C-alpha cells in the first residue's frame, strides 16, 4: 500500500493540493529538469493524486521539493488534471500558507525555485502572502482569432508565468451562474488558437484564456479558463500578472499603483508591479486557507489506483 501525504488549501476558492511525501525522488539539477523527469517517468503519480477517485478536475497539485538554489526555502512543481504548469500564483500562495501551517516557515521573505525560475513570497504577519512573480510582458496586442460559432475575437497575448490570451470585448456575461456557457466559449477559443497557429513567443502554446468585465468592488472581474477545461475560482496569479503587463504596456497603470482583480467567485487579489528592464515584475497579494491534512492510499490491486 503506497501512501502520499498531502495538505489541501484554497486560495480565493481555487484549491491547491501540496504533496509533502510519497512521490518518487527526482534527480534533475533544475526544477525544469525535475518537472520533465516527473512528466516522462512518473506521471502516474500526478494522475493518482489529482484525478478521480481521489481528486477532481479543479485541483491543482504542488510537489514540495528540496531547493536547487542555495538561497531558496524550497522548490515546487505545479501540475493539474491535464498535465504540468510552468508557474502558479494561487498555488504559490497555498504552498507558503501550508508551510506556515506545518510550522516549517515563519513570516518573512521566502525564495522558491520553480521550473520557470526563482520567485519570492513574503509571508506577512497578518497571514497575507505577496508573491513576486517571474518577469512578465505583453507579446502581441489585439490579435484576431476566429472562434467557431462566435465570430472573430481580438485579444492580447501575454506571459505571466503561463501564456494567456486576454480578451476584454467578448459580449459574454461574467457571472458565476453563467459559468457553463463561459466554459464552452473559452474552451472553443483555446481550440481556435491552437488550430489557427496563434501562439506565445517561440511557438509556445497558449493554454489559458482570460475574459474581463467591470466589477463594482474591484478594478476588474475575470473568468479564467485553465488547461484541462476547469475554470479558475481565484483571480489567477499568473493571469493577474499578465493583465498587469498589458496595463503597463498601455500606460493605464503606473508602477507601484495597486490593481484589484476580482474573480468570478468574488475573491480578490491585489496586484502591483515594478519595472524590470523591458518587462515588469508583478507582485500579487492574496490569502490561502487550510482545508485538509490527509494521507492518500494507493492499493496496487485497485483498478483505479492511478486515476480515472
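The backbone N, Cα and C atoms fix where each Cβ goes, and this holds for glycine too.
Database features (Swiss-Prot):
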ACT_SITE  88  active site, proton acceptor
BINDING   89, 90, 208, 232, 237, 238  substrate binding site
ACT_SITE  236  active site, proton donor
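Around the Cβ of residue 238 (substrate binding site), the same chain contributes 87, 88, 89, 133, 160, 161, 162, 164, 208, each under 8 angstroms and 6 or more positions distant in sequence.
Largest Cα-Cα distance over the residues recorded as binding substrate, namely 89, 90, 208, 232, 237, 238, equals 15 Å. The CA atom of residue 236 (active site, proton donor) is located 6 Å away from the CA atom of residue 90 (substrate binding site). Summary for the active-site residues 88, 236: the Cβ-based neighbour count within 10 Å is maximal at 236. Summarising the environment of residue 232 (substrate binding site), the number of other Cβ atoms within 10 Å of its Cβ, over all protein chains shown, is 28. Look at residue 208 (substrate binding site): DSSP puts it in a strand. In the three-state DSSP scheme, residue 236 (active site, proton donor) is classed as coil. Taking the centre of the Cβ atoms of 89, 90, 208, 232, 237, 238 as the substrate site, the nearby residues of that chain (Cβ within 8 Å, site residues left out) are 14, 88, 91, 160, 161, 162, 224, 234, 235, 236, 239, 240, 241.
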